[in-house]
Amino acid sequence: MGGANGSHVEEKTAAAHSDSSSGEAGEVNKQSPTVRSLARRANIRLGTTYESYVAPVFRGKVLAPSKDGRHIPIQACHDHSLIDERRGHNYISNSIRSARYTPWDFFPRQLWFQLTRLSNFYFLCVGVPQTIPGLSTTGNYTTILPLTFFVLLTMFKEGWDDWRRHKMDKVENRATATVLKRRGSQSQAGVMGGKPWSRIGRTRATDKQAEMVKGNEEQDADFSWTHVQWHNIRVGDFVMLKRDDPVPADLVLLHASGEEGVAYIETMALDGETNLKAKQALSATQKQCGTIAGIRECNGSVAVEDPNRTLYSFDGRMMMDDHTRPLTLSEILLRGSTLRNTTKAIGLVVNTGEETKIRMNANHHPKAKKPRLERYANQVILTLIAYVVILAVGCSGGYLLWHNQVEQQSWYMEDAPVGFQEIIIGYLIMFNNLIPLSLYVSLEIVKLCQQWLITNDVTMYDEVSNEPMRCNTNTILENLGQVGFILSDKTGTLTENVMKFRKLSVAGTVWRHGIDDQDTATSASRRASHQPRRSGAVKPSIEVTEFAFEKGQESLRPQVARRSSSRPRVSAASTREQSTTDLIAQINAHPNTAFSCKARNYLLGLALCHTCLPELKDDGAVDFQASSPDELALVRVAHELGFTILARSTHSITLLTTDRNGEQDKSTYEILDVIEFSSKRKRMSIVLRCPDGKVWLLCKGADSVLIPRLKQAELAVRTSRDVRRSTEVHRRLNRRSIQLDRRTRVEGRASMAIERIRRSMDVPRSRSQPRARSLAPPGRSTDGLRVPTFDRRQSQEQSPTLDDAQTFARCFQHLDDFATEGLRTLLFTQKVIPAAEYTAWKKLYQDATTSLVDRQQRIEDVAEMLEQDMDLLGASAIEDKLQEGVPETIDKLRRANIKIWMLTGDKRETAINIAHSARICKPESHVFIFDASKGDLPTQLQNAAETIATDSITHSVAVIDGYTLSVVDASPDLQKQFYSLIFALSSVICCRASPAQKASIALSIPQHLPNTLTLAIGDGANDVAMLQSAHVGVGISGKEGLQAARVADYSIAQFRFLQQLLLVHGRWNYVRTARFVLATFWKEMLFYTPQAMYQRSNGYTGTSLYESWSLTALNTLFTSLCVIMPGIVERDLSAKTLLAVPELYAYGQQNSGLNLRRYLVWMIGGLAQGVIIFIIPWLIYAKGNEMGDNGLFALGDLCFTIAIVWTNVKLLLLETHTKSLPIAVSFTVTFTGWWAWNCFLSAAYPAKLSPYDVKGGFFHTFGKDLVWWLVLIGTISILVVMEFTLKTIKSAFRGNKWWQKWGGGMWEGNVALWQEIERKGGVQGDEDDNEDQAYEERFAAENK
């Protein structure tokens, strides 16, 4: 499969190798000629050896590009498999593999990965010498056997995860498609190309499938359409697709059932675009390839480009009937897309499997992800390794001194010296448990339990889709608490991909459409069912209020309130009269007024200017097929308002309208021409012949392209510029007001959030109690958009008539307000064309459509001639419905110091609108648009940097497209300039980005910011590479399928669940894991400090202070629960507090839980406490108790008991904030278990001559000694008093800057403060907090 990645990958690798080689040669040139010659030869030989033997093992054979692309004959059946010119054998199969390993390379790759981890490598270096007899004083296999078990256990877990990925691959590889096969080969059709043993028992099922297809398709004596599993599809096969079928491979479209061979394709999983794309078969194949008989008579071939990852271009040609025709992307169906609104399509397979474009953009076989905390743990391990070496060298040096002073002078030890090497290796083995192997075994247990807790959190369960939260890995759980960047897809991740028509502007007035009672009920039921989870609930708060439409009123400028939901909320009956229903009533009541005529023409424009097809459902209801959700929303709203399309063909539209008396009228409009929408034109037009015979042009598109084409273009452009300038001044003043406000209060810190929460804590406010402050001055809209009120009793003639300037001003202002709300806007225009003018234009248009040279450009030039001097009809506002809770979630994540970047394949305007709606862009945001197509990209970047440096910008957003990003990536200088700027901005929007570019961005961020973790979230197959490239991948189990959810590290059903996943579980898991690591190293330091101090008393012989059975069971029985249980259930702060104060998330981002300062504090504390644990028993019991048991076991057991009791008291009772039942049970079990262990040793230990007199000691000797018990209780009491004294000092100096830096840490003090707040009543919840925040934001906006 290595060659499936495309030749460009190998070219880049070769280029990189060439660059490195040239760099090395440049260094060698500075040396002597002889050295240069030898180095050059060595370099060439090394490079040749690498490319010949090493590289093919890891990346496969390097494939050279073919001479003229791949040539594929158009034949009904191939007697032999087609040969790939680049490989010299068959084309690769259509199977795909997203798993990391194969059965052949899993063991060696995983073994290498495990043994290259620092901890495992350390234990391997210790364990191997330990197996040599005579070197170890603690046994020969106490390290190597547990290491082997742990490594195999970890490999098994990784293998299990990868096996699940293989199962998911099988699901896709074994999907079925309809392929043309020879009848004699039907029995092998389902198993062709598979493994020999996989063919058993599958022939009968394949025959049944073949019979099923046979009954529904045309008959042929030799060929039939047969169901074939995807992995058995080959290059050169004919594939038939039915409506809603996924495309199994890259195909050349040969035939489609649509008019003129048009097929509609949904590419949402490829590029994230919601619009359907029209693909058209070539006329030659459209006529001939619709039947099996026609396919059999085909005699031609196609030549296409070598496989590559470019999604937006395709080069090829078709040779048929002695004619050569070009093949472009318009004739190509890519794997990952879906056939829509088309009954049948037939295509020829040109790329399969890993050579399809969607797989070329995938991140092939990504590396295993490591937790970021492991890097800091490795640093801790390195310091402990140094400490162990120093300790071993010190004790070995002590032995040399003792040997010279004592051993040589003692006659009974003559001729018994021990070599220095043996002494130092023995001490290294003795003290190697300072880095316990149990750390990693216990950590796996902790992470398994953490994974179980996350997956069973009901607050992340979505009732609508019945999808719980899923963990596909538990390796990187703590990474969820350290995320600094979120890279989010748009379609299906932030949005539901449901377009709702919300508002329209006509004749200078704005009208609202749709209350969505059903949606409101659904949302209310969702909130009710999740009442405890306030973070997931959404409280819509936009209201559309009214004011009187008085004669002579000067300004109708709407006052737009900040949206706090993904959908508007309409306020009661006050807005009922301002809906589009009232607009229709007004038109019917006064049909002859100028206003009614304009409104009716606008509604006709909605109903006629599109390419939708009506569809009659079984229940008699009318629905529509559309190429885009926007068009579907427009046609549906026209239908709801009484303008219904009954039928549509290529030549006419039949429209049903209803008058004021309820009578229905059918009218037919002849379609003369349709000028399609394109990303360059940004508009579409339709030319109709009305029932009265007039030629009518309707055009809809972006306001930026239609305003200059209005009849009074100069006035319109000037008015639009004035409105935009006024809006920009408004935003600038708003930004300045926010800046002044922020000078008096520090945002983004938990300390300021404390004051706001404290206010809500002091006097809890009843829901029925009115607020003491108003959100807006009297006479202004309290929460929404003002619309004019038309009194039905008032004659329409009394309403003021607006001239063109006033109409332009109000309409353009409405457009700007709609865009500010995050709605997708379209402008509608019209023009009545004289018959003579249309006839002359039609001739030019026909010449352009039949041109063989620059056809598309000529069509656009001719269309430009017609689309001039148009009249303004109005504007529409469509909401790309966000998922519930998206704006609130993004607000909280931003407060948590997480930057949100949106990466989408959709258009720039759409991406910006969604960014506004989701609050990625704020109303006061300064938006920088970088576009390489406009030239001089370095200057654009420089100007943006100067603007940021000179202006006080509170929130800034960069917008960049995929082409510009490719220009940046191609230049190292531009990369440096771009990334130095981009990280200073608040957010980034990347539109038209390919899957490979999304993955590249995910990889680029940690390259420039090494200490930052990235999280990628998406729901489609085009997001898989990004999810695998980021430190954390979160999949949304959405409408684009489950590929992202299956491949990602974690999957959730809704974007809003990121609040609970990151702010709560992410922080908890980081705190738990960091505390677990520190506590584990601390207790080892505590236990082995007395062991090291005792060496002076035994002549540095390596004799252990502790009895061997107890020492072996130390980390398993007596100090395991005290570190494991807090690592599972500890909650330093409640979920309510963490959600109410997202700023506390910075604790993990700044790595405050595990850093050098905290590590040193814990280790010094463990060292000091270990000294006390040895000194007090040594001085009082061993030296001062001459009448007691002076044996080694009595002293060792006393020190061991003190250490065990103190370890459990400190870790379970003093350090654990949440005193839950599992903590109490753990302490009780460990404490009583230790005394039971003493009883067991005293009874079961064999009576033999040994330094450890264990037999009966606890029952008959030191167990009855009062001094032994008093020393035990007294030492523990001293340690407890010391601990409380230290906590008191920390509490007293909590606000001291020096202490925050060196003593306790700023975040440790803030956490303690919030814990105190929780003890005094806690926070009131998110709703009060959101209301206070909304007031502060509104206050800044209103007092500009």
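Along the chain as shown, residues are numbered 1 onward.
Placement of Cβ uses the backbone N, Cα and C atoms for every residue, glycine included.
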According to TrEMBL, which of these ranges is region 'Disordered': 75-98, 555-578, 651-674?
555-578
Counting Cβ neighbours within 10 Å across all chains shown, tell me which of the binding-site residues T491, N1022 comes out on top.
N1022
Which one is it: of the recorded positions D489, D1019, D1023, whose Cα lies the shortest distance from the Cα of R824 (ATP binding site)?
D489
With DSSP, how much of the domain 'P-type ATPase N-terminal' (86-144) is helix, how much strand and how much coil, in residues?
24 helix, 2 strand, 33 coil
In the structure shown, with every protein chain counted, which of the recorded positions D489, D1023 has the densest set of Cβ atoms within 10 angstroms of its Cβ?
D1023
What subset of the binding-site residues F677, G905, R992 lies within 10 angstroms of D489 (active site, 4-aspartylphosphate intermediate), using C-alpha positions?
G905
Could you round the CA separation between G905 (ATP binding site) and D1023 (Mg(2+) binding site) to a whole angstrom and send it over?
10
At the Cα level, what's the spacing in Å between T491 (ATP binding site) and D1019 (Mg(2+) binding site), rounded?
8
Integer average pLDDT (0 to 100) for the domain 'P-type ATPase N-terminal' (86-144):
79
Sorry to bug you, but what's the C-alpha spacing from R992 (ATP binding site) to D1019 (Mg(2+) binding site), rounded to the closest Å?
17
